[in-house]
Amino acid sequence: MYGIEYTTVLTFLISVILLNYVLKSLTRIMDFIIYRFLLIIVILSPLLNAQNYGINLPITGSMDTPYTNSTREEVFLTSTLCLYYPTEAATEINDNSWKDTLSQLFLTKGWPTGSVYFKDYTDIASFSVDPQMYCDYNLVLMKYDATLQLDMSELADLLLNEWLCNPMDITLYYYQQTDEANKWISMGSSCTIKVCPLNTQTLGIGCLTTDTNTFEEVATAEKLVITDVVDGVNHKLNVTTNTCTIRNCKKLGPRENVAVIQVGGSDVLDITADPTTMPQTERMMRVNWKKWWQVFYTIVDYVNQIVQAMSKRSRSLNSAAFYYRV
């Protein structure tokens with residue numbers, strides 16, 4: 001009996017010793033693997049870049065554009081950019097491959113081929129009737145024309161801000177603007193807007209509600225009109241509804257994925273003086289104009305700096321959506 005007990009105890013002790021040996025062996029193996037792994041990391045670390053230092057720009061690139069040393073992915077690598085320009089630019093350049101040339105130049109700034117779209121428009125008036133902006137970032141080039149300052153200013157106000165709009169039935173109802181952010185926006189091939197302010201008895205102030213010839217004319221044969229009248233006063237309106245549509249709109253705030261670039265002109269259009277523009281900064285810039293090639297070269301050179309002043313937004317703009325909400 002004692003022999004069996006001794007054998008059992010001996011077997012137990014041997015098992016404990018073997019288990020201890022196995023555990024120590026495993027520990028030594030794990031230490032060996034971990035230390036070797038850390039040694040490899042230490043050796044290779046000088047050869048690895050821990051951060052993304054941005055796009056490797058060629059020497060001919062813009063040195064004026066600041067690039068932040070950041071691990072954040074650059075937005076333009078996964079975004080689309082639309083460039084709107086007047087048709088006279090393509091006419092002057094007179095080169096069938098000029099868009100391909102610009103695409104290659106945008107590539108040097110980090111915009112992959114196929115991410116930049118070129119869209120032309122005939123003139124400011126026609127563009128204001130049917131603005132369509134579907135890209136993540138939208139740059140609108142407007143050549144300065146002293147005779148079109150008002151149209152350019154109103155178009156910039158329309159594009160650079162979001163508006164909540166509702167239809168107006170001017171044949172049945174009077175309308176009033178509640179505050180400075182409330183405007184009446186008209187679009188069409190020819191918009192002539194006349195207004196007649198009313199007193200509390202709905203009688204015309206300086207006009208007859210039954211005679212549109214006595215109404216005050218605030219716009220004549222325009223394609224885009226942003227009408228501002230005295231707040232809190234009812235008005236009867238007369239609009240050329242056969243060629244124009246009018247909407248009651250409320251300015252909600254800036255549309256941050258749009259920038260307007262004024263091309264040429266001694267004066268810079270400024271819509272920030274409008275009390276409804278908050279904050280008092282806008283994505284409206286100016287570049288010198290001599291030739292359109294020079295303009296496009298400047299845009300390419302500063303595109304990333306311009307985009308940094310904008311914010312990527314998913315909401316698109318077109319004339320149909322504008323009437324209700326943009």
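Heads up, the Cβ atoms here are built off N, Cα and C, so glycines get one too.
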Recorded disulfide counterpart of Cys135 (Swiss-Prot; options Cys82, Cys191):
Cys82
Which candidate from Gln177, Gln201, Gln262 does Swiss-Prot annotate alongside Asp228, Val229, Asp231, Asp301 at the Ca(2+) 2 binding site?
Gln177
With Cys244 as one half of a disulfide in Swiss-Prot, pick the other half from Cys191, Cys196.
Cys191
Looking only at Cys165, Cys207, which is named in Swiss-Prot as the disulfide mate of Cys196?
Cys207
Including all protein chains shown, what's the count of other C-beta atoms within 10 A of the C-beta of Thr214 (Ca(2+) 1 binding site)?
13
Which of Asp95, Glu216, Asp228, Asp301 (the binding-site residues) has the most other Cβ atoms within 10 Å?
Asp301
Can you tell me the CA-to-CA distance separating Asp231 (Ca(2+) 2 binding site) and Cys191 (disulfide bond), as a whole number of Å?
22
When the number of other CB atoms within 10 A of each residue's CB is tallied over all shown chains, which of the disulfide-bonded residues Cys165, Cys191 has the maximum?
Cys191
Starting from Gln177 (Ca(2+) 2 binding site), work out which of the recorded positions listed here (Cys82, Asp95, Cys207) have their Cα within 10 Å, and give them in sequence order.
none
Just checking the recorded positions Cys196, Asp228, Cys244, Cys249: which sit within 10 A of Gly206 (Ca(2+) 1 binding site), CA to CA?
Cys196
